[in-house]
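Q: Just dropping this structure here.
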Amino acid sequence: MSSKVEYKPIQPHEEAENHFLQHELHKVKARKYYRCALVVAIIITLVFCILASQLLLFPFLSITSQTTETVLNKDIRCDDQCRFVLVESIPEGLVYDANSTINPSIFQSWMNIITNAKSSIDIASFYWSLTNEDTQTKEPSAHQGELILQELLNLKQRGVSLRVAVNPPDSPIRSKDISALKDRGADVRVVDMPKLTDGILHTKFWVVDNEHFYIGSANMDWRSLTQVKELGATIYNCSCLAQDLKKIFEAYWILGLPNATLPSPWPANYSTPYNKDTPMQVMLNSTASQVYLSSSPPPLSATGRTDDLQSIMNIIDDAKKFVYISVMDYSPTEEFSHPRRYWPEIDNHLRKAVYERNVNVRLLISCWKNSRPSMFTFLRSLAALHSNTSHYNIEVKIFVVPATEAQKKIPYARVNHNKYMVTDRVAYIGTSNWSGDYFINTAGSALVVNQTQSAGTSDTIQMQLQTVFERDWNSNYSLTFNTLSSWKEKCIF
């Protein structure tokens, strides 16, 4: 028997319910769709707002990044034919043997670049005391400093602009030269390094016409020309290097604005492609040279700039035969910190060079009435490494500038103020004393020159600086440290 299949027609109320369910299902799907669309729209809006905010708040962010990359990828070759002149101030009464090398004077170098300036002079300085009035003396030897000041005062009428970045003066007397310059049209900015880094602006350099420059140990002080032993370098016709040094000046200049703060990072226009890893390839005195400028402290160094301490340690580590150092102060401490802090960075690298590589290390350190007694304790520690049994090649001498009774009365004079180092590979001319404070929070700078590729040349800059060091080391003013029963016997007038 076949079964019957009955088909029940859908009742009207069932059909309505089915339509209702389908309608509700479409509504649920629609709500989900609209919710998803709303979420996507909100996300897109937020992203757009963030991007718009960045463009409004940091309009140069992407440009700065691209510019920095462009600066750092710049060709490190320079086509300038630069002329390098090693310059010195030899204090009156300090006389070398007849055959000794005497370099051109810092005074004559400054006069040359002032009188030949065509458009601009920028000077980064610690303080100004170019006249007898500044030091409350009546010294005929102040004449050179007074001439320098007069030439600088006359720049405006020659159409030459003068900018001066200077540390805050510590007394009204130290403000007189600056006030006179401002009255004659110079632009002066006081860089409040004590507030910015808890240090000082200790650097000493000039940039002239973006083409020539001086860098070295001499302050803007008449005593630095006739009563203090100084060393520096003047480089002529070298726009590549001059403009790179000017970037360091511009950093000081911007920090001299009211309520200035340290930028982090520095904008791209302060960056440099020239450093210890990629030095500038340039001709100095017709000799192929690798050159860069270092700076301290680290917060003042823009992208690409080698920090001054890193430069010094790298030069020591790079030496193969010898490291000769001539500085006023040497101490593995932070001299001005409270509480006291030990700071062995440079000291460790010197000991390592002696012990591991048998490098010959010589330190020629200044000795005068303002020397810190603690410095000699640390120097004795270095000198103790040298003995007939150890065969470690490290020697320490102190340099004493002689003084007459009249010269003893000149304040803060009669001292070897040099701040340089020379190795078998590199010449380093700086502006800082060698203790921790000068590299941690004090502004300084240095010129680093390597002419090793031209080892056959008889007059490389390394050789010139080595000659100066050996002249001083072998002079009657240099005393073997181990033979001194008391540093006070020789240093205190």
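Backbone N, Cα and C define each Cβ position, glycine as well.
The feature topological domain 'Cytoplasmic' is assigned by Swiss-Prot to 1-37. Per Swiss-Prot, transmembrane segment is recorded for 38-58, and the stated evidence type is similarity to another entry. The topological domain 'Lumenal' annotation in Swiss-Prot covers 59-493 and rests on similarity to another entry. Swiss-Prot lists Asn99, Asn237, Asn259, Asn269, Asn285, Asn388, Asn433, Asn450, Asn476 with the feature N-linked glycosylation site. Per Swiss-Prot, the feature domain 'PLD phosphodiesterase 1' maps to 197-224; the stated evidence is sequence analysis. Swiss-Prot lists His202, Lys204, Asp209, His417, Lys419, Asp424 with the feature active site. Taken from Swiss-Prot, the feature domain 'PLD phosphodiesterase 2' covers 412-438, and the record attributes it to sequence analysis.
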Q: Helix, strand, coil residue numbers for the domain 'PLD phosphodiesterase 2' (412-438) per DSSP?
A: 2 helix, 11 strand, 14 coil
Q: Given the glycosylation sites Asn99, Asn388, Asn450, Asn476, find the one whose Cα is closest in space to the Cα of Lys204 (active site).
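A: Nearest listed residue in space: Asn450.
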Q: Which one is it, among the glycosylation sites Asn269, Asn285, Asn388, Asn476, that lies nearest to Lys419 (active site) by Cα separation?
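A: Checking each of Asn269, Asn285, Asn388, Asn476 against Lys419 (active site), the shortest Cα distance is to Asn476.
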Q: Helix, strand, coil residue numbers for the domain 'PLD phosphodiesterase 1' (197-224) per DSSP?
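A: DSSP composition of the domain 'PLD phosphodiesterase 1' (197-224): 2 helix, 12 strand, 14 coil.
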Q: For Asn450 (N-linked glycosylation site), which DSSP three-state class applies?
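A: For Asn450 (N-linked glycosylation site) - judged by DSSP and reduced to three states - the answer is strand.
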Q: Of all the active-site residues given, namely Asp209, His417, Asp424, which is spatially nearest to Asn476 (N-linked glycosylation site) at the Cα level?
A: His417
Q: For a quick check of understanding: among the glycosylation sites Asn259, Asn450, which residue's Cβ has the most other Cβ atoms within 10 Å?
A: Asn450
Q: Ten-angstrom check, please: count other Cβ atoms within 10 Å of the Cβ of Asn476 (N-linked glycosylation site), all chains counted.
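A: By my count, 11.
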Q: Using the alpha carbons only, what distance in Å do you get between His417 (active site) and Asn433 (N-linked glycosylation site) once rounded?
A: 9
Q: Tell me, which recorded positions from Asn99, Asn388, Asp424 are within 10 Å of Asn259 (N-linked glycosylation site) if we use the C-alpha atoms?
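A: Among Asn99, Asn388, Asp424, not one has a Cα sitting within 10 Å of that of Asn259 (N-linked glycosylation site).
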Q: By a simple count, how many Cβ atoms lie within 10 Å of the Cβ of Asn388 (N-linked glycosylation site), its own Cβ left out?
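A: Its Cβ has 5 other Cβ atoms within 10 Å.
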Q: What's the CA-CA gap between Asp209 (active site) and Asn269 (N-linked glycosylation site) in angstrom, rounded?
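A: It is 19 Å, counting Cα to Cα.
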Q: If you average pLDDT over the domain 'PLD phosphodiesterase 2' (412-438), what do you get?
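A: Value for the domain 'PLD phosphodiesterase 2' (412-438), mean pLDDT as a whole number: 98.
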